[in-house]
Structures are given as C-alpha cells and as structure tokens.
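Annotated in Swiss-Prot:
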BINDING   H136, T137, K274, N283, R292  substrate binding site
BINDING   H166, H211, H266  divalent metal cation binding site
Amino acid sequence: MHNNNRIVITPGEPAGVGPDLVAALAQQDWPVELVVCADPALLLERARQLDLPLQLRTYQPQQPAQPQRAGTLTVLPVATAHPVVAGELNVGNSAYVVETLARACDGCLNGEFAALITGPVNKGVINDAGVPFIGHTEFFADRSGCDRVVMMLATEELRVALATTHLPLLAVPGAITRQSLHEVIRILDHDLKTKFGLAQPQIYVCGLNPHAGEGGHMGREEIDTIIPALDELRAEGITLIGPLPADTLFQPKYLQHADAVLAMYHDQGLPVLKYQGFGRAVNITLGLPFIRTSVDHGTALELAGTGTADAGSFKTALNLAIKMIINCNE
C-alpha cells in the first residue's frame with residue numbers, strides 16, 4: 001500500500017448524486033483513509049436526507065493516515081458559494097466544483113494522496129459560469145503539465161482505451177496520426193504494466209473505417225497511418241494485434257485474449273463496454289503522474305437526495321484505485 005495511505009475524493013456537482021454516493025461509501029470500512037474534498041455542510045445535509053449515519057473528521061495532513069471506519073469520512077473543507085438544493089443546478093457553485101478538482105489534483109501532485117476518485121460533474125453549468133471546461137481528463141492533464149493522457153474505461157471483463165476522446169466525428173480522422181498513436185499506445189502499454197500488473201499486455205487495436213478500410217477501398221487511414229504506426233511500436237516490443245474491424249474485434253474469440261482494446265474514437269468502443277457493464281465500469285485516466293479513477297455515469301439530478309442512486313460504480317472505482325496503488329508499489 002502507498003506510504004500515505006490516503007485517497008482523495010471529489011463528489012462533483014453538488015446538486016447531483018455525487019454527495020449521495022460519497023455518503024453511501026462511508027457506510028462500510030475501508031483499508032485507506034478517504035479524504036473528501038467538499039463542503040462539510042453539504043455532506044452532512046445529504047446524509048441526513050438519506051437517513052445515513054455520518055461523522056466528519058477534518059483532514060489533518062500532518063497526522064498519519066488511518067483506515068476509514070464505517071459511518072465516518074475525513075473532509076478537506078471547500079465551501080460552496082450558494083446553498084445547495086438536491087436536483088437543482090446553480091451556476092454560482094461552478095467555481096466550487098473546479099476548486100475541489102484543483103485542490104485534489106494538487107494534493108496528488110505533491111504526494112499528499114495516493115489516488116484521486118472523481119464523482120460526476122455537469123460540464124454545461126461550469127461553462128455557463130464562464131469557466132472553459134471540456135472534462136476531468138483534460139483538466140487534470142493541463143494542471144499536471146501532461147501533453148498526452150489516455151482515457152480508458154474498464155469492467156472486470158473488458159478494458160477499452162480511446163485514441164481520441166471528446167471530438168466531433170468529422171475531426172477524428174485528422175486527429176489520428178502516427179505520432180498520436182505512438183504516444184497513446186506507449187502510455188497504454190506502460191500503465192497496463194505499472195498500474196495493472198500485466199507483464200506483457202496484449203493490446204487489440206480497432207481500425208478507423210468499416211472493415212478496417214477494406215484494403216483501402218473504404219478509407220486509407222489504416223494503410224497510411226495506423227498499420228505503419230503499429231509496426232513501429234511492435235519493433236519496440238509492444239504486443240499489438242490489429243488493426244481489426246471493430247465489429248469483428250468485439251467478439252469473445254478476440255476479447256478473451258485482450259488485456260485492452262484501443263478504439264479509434266469515443267462511440268466506437270464505449271457503447272460495447274457500457275452495454276456489457278454499465279454501473280460497474282470505471283473511467284481511468286492513464287498517463288497522469290498519479291492514479292485517477294471515476295464513475296461511469298452522470299450527475300443524475302433527478303435521483304439526488306432520493307436514496308435511489310446506486311453507488312456500485314463509485315465503489316468499483318475506489319476498489320480499483322486501491323488495487324492500482326498496490327500494483328504501483330510492488
């Protein structure tokens with residue numbers, strides 16, 4: 001286990017289900033200290049609404065970390081600017097959301113925390129406040145000074161990484177270059193080894209076009225870009241299979257051998273993974289100088305404060321982060 005034995009959590013949008021799920025996480029023992037970067041009053045009020053017992057302890061960075069006991073959380077206080085009503089967005093609290101992300105990220109960068117787990121945010125309301133925000137992945141990459149990070153979603157049975165993330169489909173072909181594939185695949189291979197404990201990961205790669213281009217008859221990106229890039233990376237010792245047509249690759253005879261699949265764009269790979277394991281999937285940012293996992297769902301405003309939100313994805317994200325910490329220290 002990591003020396004500091006602490007994991008920092010950002011609940012995300014205060015009006016969404018993030019605070020509910022954090023309160024639910026607190027209902028069991030954990031082998032690490034859970035430091036929640038949030039408004040203490042928000043956490044206590046949401047726990048009261050859900051009729052969940054919760055005691056808060058103020059984060060003391062100079063004290064040794066302690067395993068988290070059921071019914072308790074450690075809190076790193078950040079105040080909301082306006083009162084929070086479950087289910088009702090308030091643009092005035094957008095700066096609060098960004099502040100929690102910044103503080104948690106900085107704590108990971110300076111070694112306070114072994115990992116960061118994020119709850120869902122509402123990108124629209126943050127941008128409405130005049131704060132440019134594409135997403136967690138891009139925010140943490142920029143704050144960490146990383147030129148390239150990789151988005152990967154994982155269930156127990158399948159890991160899918162993305163060569164491109166939040167781009168319009170029209171922009172995807174131009175964003176896939178030999179250089180970008182080199183960077184993405186090197187990060188993917190490195191983190192599968194160091195954070196997932198895989199000695200020689202097998203990475204299966206999707207083509208961009210239908211039928212992986214059909215020998216150039218349905219697009220030349222495979223011939224001109226993807227195949228040469230994969231050949232160059234194979235020469236470095238990375239195990240790569242493909243490019244294969246996506247509708248072929250996502251079949252058991254291939255997936256049973258795959259440690260990870262690299263999809264060329266967001267909606268090529270993620271629908272399959274989410275159909276297979278929605279609510280059990282974890283979003284992981286590879287290439288950061290720290291471990292970051294997240295839930296695979298949104299803010300679910302209509303469920304906030306009702307007691308009906310499922311904490312399964314949050315628990316899975318936390319358990320995976322703990323496993324990754326152990327792998328990094330072996």
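Please read every residue number as a count from 1 along the shown chain.
Every residue gets a Cβ built from N, Cα and C, even glycine.
With H136, T137, K274, N283, R292 listed as the residues that bind substrate, the site has a largest C-alpha separation of 19 Å. Spatially close to T137 (substrate binding site) yet at least six residues away along the chain are V149, M151, T165, T285, judged by Cβ distances under 8 angstroms. Sorted by the number of other CB atoms within 10 A, the binding-site residues H136, H166, H211, H266 start with H166, the lowest.
Of the recorded residues, K274 (substrate binding site) and H166 (divalent metal cation binding site) place their C-alpha atoms 17 Å from one another. The binding-site residues H166, H211, H266 include none with a CA atom within 10 A of the CA of H136 (substrate binding site). In this structure the C-alpha atoms belonging to H211 (divalent metal cation binding site) and R292 (substrate binding site) are separated by 34 Å.
Cβ environment of R292 (substrate binding site): C108, A115, L116, I117, T118, H136, F140, I284, T285 lie under 8 Å away, each six or more residues apart in the same chain. Cα spacing between H166 (divalent metal cation binding site) and N283 (substrate binding site): 14 Å, rounded to the nearest whole number. The separation of N283 (substrate binding site) from H266 (divalent metal cation binding site), Cα to Cα, is 13 Å.
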